[in-house]
């Protein structure tokens, strides 16, 4: 079984290793109440300046419904990345439905800060 072809607009796409790291961190940030689920919520965190980074699903249908986020991320200097599966992203977010975009948010004194920074650097390396 081959993986479905990913829309070329979904750039940068995380590889398998980074996807696992991302989804683990998304799951932890959900436990620490540092996660906003959904494209609209992600947009709000960007506008308020409280987004650490944005994770989007490359298999959102149609993809255009989340393609305003990369532009906003670039304006606000927030790293963003695509993962292949909205189902996997939904599971990592702790909901039973697919999630096409989520935002890990800033929180003072967060225990996740070191992991968040290492993921931000990994995403920024993809963007270069």
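Quick reminder: no glycine exception, Cβ is built from N, Cα and C everywhere.
Applying DSSP to the region 'Interaction with U4 snRNA and U4atac snRNA' (36-48) sorts its residues as follows: 10 helix, 2 strand, 1 coil. According to Swiss-Prot, the feature region 'Interaction with U4 snRNA and U4atac snRNA' maps to 36-48, an assignment based on similarity to another entry.
The annotation site 'Interaction with U4 snRNA and U4atac snRNA' is assigned in Swiss-Prot to 61 (among others) on the grounds of similarity to another entry. Secondary structure at residue 61 (site 'Interaction with U4 snRNA and U4atac snRNA'), taken from DSSP and collapsed to helix, strand or coil, is coil. The number of other CB atoms found within 10 A of the CB of residue 61 (site 'Interaction with U4 snRNA and U4atac snRNA'), across every protein chain shown, is 11.
Residues or ranges marked as site 'Interaction with U4 snRNA and U4atac snRNA' by Swiss-Prot on the basis of similarity to another entry: 86 (among others). When other Cβ atoms within 10 Å of the Cβ of residue 86 (site 'Interaction with U4 snRNA and U4atac snRNA') are tallied across all protein chains shown, the result is 20.
Positions annotated as region 'Important for U4 snRNA-binding' by Swiss-Prot: 96-128. With a cut-off of 8 Å between Cβ atoms, the residues of this chain six or more beyond the region 'Important for U4 snRNA-binding' (96-128) that come close are 12, 14, 18, 21-22, 25-26, 28-29, 32-39, 41-42, 45-46, 50-57, 60, 65-66, 69, 79-81, 86-87, 89-90.
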